[in-house]
Amino acid sequence: MVSLLPTLVSIYLLGFVWVAVAQSTLPECAQPCLLMAFGANTCTPTDLDCICTNEGFQNDVTLCVASSCTIPDQLGTPHSDTTNSSLTTCGAPVRNRGPKYIVLSNTMFSISTGFVVGRIAFKILVSRVDIGMDDWTVLATMMISIPSAIVTVYGTVANGLGQHIWTLTPYEITSMLKYFFVMAVLYFTQTALLKLCLVFFYIRVFPSQGVQRLLWATVIFVIAWGLTFVLAGIFQCTPVHYFWNKWDGLHEGHCVDINAITVTHAAISIALDVWILAIPMWQLRQLRMHWKKKMGVGLMFCVGTFVTIVSILRLRALMDFVVSSDASWDFYNVSVWSTIEICTGIMCSCLPTVRQLLAKLFPIIQGSSARSRHKYYNYDRSEELQKIGRSNTSRDVRIATMASSGDTGSAEFKDDRGIVVETSYTIKRTQGDLDEVSLVSHDDKKGKGSRAV
């Protein structure tokens with residue numbers, strides 16, 4: 001964020017409409033500048049168009065006010081409506097996008113919370129499986145979303161987020177920046193937790209030793225990345241409060257390149273999204289499954305690309321933020337995309353479980369494919385032997401039915417002449433069958449050894 005001084009000084013010139021008004025409402029430091037500018041005969045006190053649009057007149061007053069007044073003086077006192085009145089006089093609109101953000105934030109928060117509650121409730125009450133690390137991390141993300149939603153309504157928006165900075169009082173600007181600081185730290189924490197949630201989910205789904213090592217290495221990197229930027233966000237300025245006080249030019253302190261921190265974090269976040277998506281897609285490519293089933297599983301994984309797209313849009317908003325001199329107005333876009341990114345990330349991470357929940361509530365959702373899959377994986381393994389028995393009508397056939405979990409069995413056949421034939425057989429599953437079981441029928445059975453994704 002660049003210095004606010006040039007913009008504030010330029011906007012403040014809109015207050016120099018009439019000399020009498022200026023002398024009664026403008027700070028004392030600015031009144032000599034107004035008289036000097038009128039003395040140059042560039043504009044007359046009654047020529048409103050000239051005062052509002054003449055660059056020469058504005059430049060003369062800008063240089064004078066910048067050297068004579070502090071930024072809070074340029075904004076006017078907290079009890080003065082000089083700036084807003086002058087904006088109205090010159091035809092400048094007074095805009096406020098804050099209420100729209102409140103509606104968006106509350107809606108996204110409510111929906112994402114519903115997804116998480118449904119996910120946890122399904123696993124505890126329906127599937128009756130243990131809560132995994134992926135569940136705990138998404139639950140932690142939702143819990144952090146609670147103070148984030150509260151700060152949005154009663155912190156940033158209440159103190160002017162979504163309005164132009166020259167319409168705010170010094171107290172509102174300081175308060176808004178303070179709450180924005182809190183939101184930034186919460187955002188860094190939430191993005192790390194969301195990525196951990198996805199990685200922990202893949203750790204449960206892909207048992208291969210090589211993939212497990214790769215995923216655990218990703219976990220370590222994400223934790224280190226998250227902690228680094230959380231600490232960088234907290235201690236980016238020395239002292240810490242200089243972050244929300246430096247705008248007025250009256251406080252002393254030092255800050256690192258804040259723009260570099262935000263842009264670097266966003267770029268690494270997008271790269272991690274691509275990496276985390278590439279791992280399951282690569283594993284899916286190697287599985288021996290029917291291409292239709294591969295496509296279905298791949299689409300489930302690709303839902304996460306929507307979050308990546310939102311992250312890219314947020315990065316674009318950050319580019320505007322870097323060159324901004326109107327913090328309260330330009331912080332709006334960054335805040336909106338941050339909220340959308342976190343809430344959609346929570347919802348996408350819950351989609352596999354939500355699909356199962358909907359299938360339980362509305363069995364028709366599973367359709368014929370689910371019924372055929374159930375028949376495929378749970379058929380009575382004596383069925384084919386029964387067909388053999390029916391095809392030998394001249395024989396007295398006794399078939400030993402296999403246990404559902406067994407792979408071997410036997411059948412005994414006796415014809416009318418008293419000859420007994422005993423046949424042993426072995427049922428083999430192909431690797432493709434196992435691949436389909438691990439990804440498609442991951443939670444067909446309840447109880448011990450079963451997991452719900």
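Placed from the backbone N, Cα and C atoms, the Cβ positions cover glycine too.
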Of the candidates CYS52, CYS64, CYS69, the one sharing a disulfide with CYS33 in TrEMBL: CYS64
Bond partner of CYS69 - disulfide, per TrEMBL - picked from CYS29, CYS197, CYS237: CYS29
Folded-back contacts onto the transmembrane segment (214-244), same chain, C-beta under 8 angstroms, at least six residues removed: 174-175, 177-178, 180-181, 184-185, 188-189, 191-193, 195-196, 199-200, 202-203, 206, 251-256, 258, 261, 265, 268, 272, 275-276, 279
Pairwise Cα distance for CYS64 (disulfide bond)/CYS50 (disulfide bond) [Å, integer]: 18
Among CYS43, ASP47, CYS50, which are recorded as recorded positions, the nearest neighbour of CYS29 (disulfide bond) by Cα: CYS43
For ASP47 (heme binding site), the three-state class that DSSP assigns: coil
Residues of the parent chain within Cβ reach of the transmembrane segment (138-157), under 8 Å, 6 or more residues beyond its termini: 98-99, 101-102, 105-106, 109, 112-113, 116, 119-120, 175-176, 178-180, 182-183, 186-187, 189-190, 193-194, 197, 331, 335, 339, 342-343, 345-346, 349-350
Where CYS64 (disulfide bond) sits in the secondary structure, as DSSP reduces it to three classes: helix
All-chain count of other Cβ atoms within 10 Å of CYS69 (disulfide bond): 21
